[in-house]
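K.L.:
Once you've had a glance at the structure underneath, I'll fire off some questions.
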């Protein structure tokens with residue numbers, strides 16, 4: 001998609017005390033929810049400018065350009081803000097798999113009456129993803 | 001769905017320092033992402049036991065049985081935990097509208113090249129929802 005000026009968007013977002021906002025990534029055509037991560041103002045602005053999704057890594061304390069290491073990038077299709085401005089929904093086109101375990105989605109453990117159940121299989125080995 | 005024993009589920013979830021975990025609600029059949037809210041251990045256990053979604057309201061500081069005031073309940077269809085246990089995905093059947101503004105989804109503001117754009121219309125007036 002075309003670059004989007006981030007000023008009005010950033011003004012609409014209510015970042016938390018750490019300067020972060022949760023962002024849900026959803027595959028734009030199938031509707032599959034892939035993952036949830038966090039963004040800061042800089043990662044929002046970069047995502048809107050480049051059309052490639054960039055998060056903020058709380059563990060590394062820096063920008064996390066999704067797919068930078070694994071090649072599994074997310075191309076932005078639409079950027080939605082919720083009613084109170086404190087959650088983002090990213091509609092994306094996900095290359096390959098979203099999860100670091102090599103599964104398409106991070107949400108692969110279901111709580112069922114019969115117990116915790118794995119509902120998505122590994123498609124790519126993590127060793128292959130991260131070229132260990 | 002049948003009641004689910006919550007002990008193994010609660011052991012799998014990594015609640016944050018406030019004892020909360022973010023929960024995404026998605027309409028189970030259409031894939032529409034409806035809202036994101038927070039759950040504590042008690043609201044997770046109640047949701048699994050009753051099959052009706054219960055959140056934790058950070059503003060009120062107590063359990064928030066979705067639809068208790070508005071009638072717009074969420075029936076649980078599936079309960080998914082992400083790879084690192086710090087986000088929940090609830091597949092639900094939403095009665096009426098999820099958003100307090102009377103829209104089906106809370107994610108109705110899109111950041112587009114032409115500016116912030118409303119992409120979902122009000123279906124029920126908030127006055128009607130909350131019988132003001």
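Positions of Cβ are set from backbone N, Cα and C atoms, glycine also.
Feature list, courtesy of Swiss-Prot:
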- B:82, B:84, B:86: Mg(2+) binding site (BINDING)
- B:83, B:99, B:106: Zn(2+) binding site (BINDING)
K.L.:
Can you tell which of B:83, B:99, B:106 has the most other C-beta atoms within 10 Å, given these are the binding-site residues?
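P.N.:
Its Cβ has the most other Cβ atoms within 10 Å: B:106.
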K.L.:
Which residues, sitting 6 or more apart from residue B:84 (Mg(2+) binding site) on the same chain, put a CB under 8 Å from its CB?
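P.N.:
When sequence neighbours closer than 6 are ignored, residue B:84 (Mg(2+) binding site) has B:14 within Cβ distance under 8 Å.
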K.L.:
CB neighbours of residue B:82 (Mg(2+) binding site) within 10 A?
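P.N.:
Here the count is 24.
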K.L.:
When a 10 Å sphere is centred on the Cβ of residue B:86 (Mg(2+) binding site), how many other Cβ atoms does it contain?
P.N.:
15
K.L.:
If H, G and I count as helix, E and B as strand, and all else as coil, what does DSSP give for residue B:83 (Zn(2+) binding site)?
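P.N.:
For residue B:83 (Zn(2+) binding site) - judged by DSSP and reduced to three states - the answer is coil.
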K.L.:
If you measure residue B:82 (Mg(2+) binding site) to residue B:106 (Zn(2+) binding site) at Cα, how many Å is it?
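P.N.:
Per the Cα atoms, residue B:82 (Mg(2+) binding site) and residue B:106 (Zn(2+) binding site) stand 22 Å apart.
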K.L.:
How far is it from residue B:106 (Zn(2+) binding site) to residue B:86 (Mg(2+) binding site), counting Cα to Cα, in Å?
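P.N.:
Cα of residue B:106 (Zn(2+) binding site) to Cα of residue B:86 (Mg(2+) binding site) measures 22 Å after rounding.
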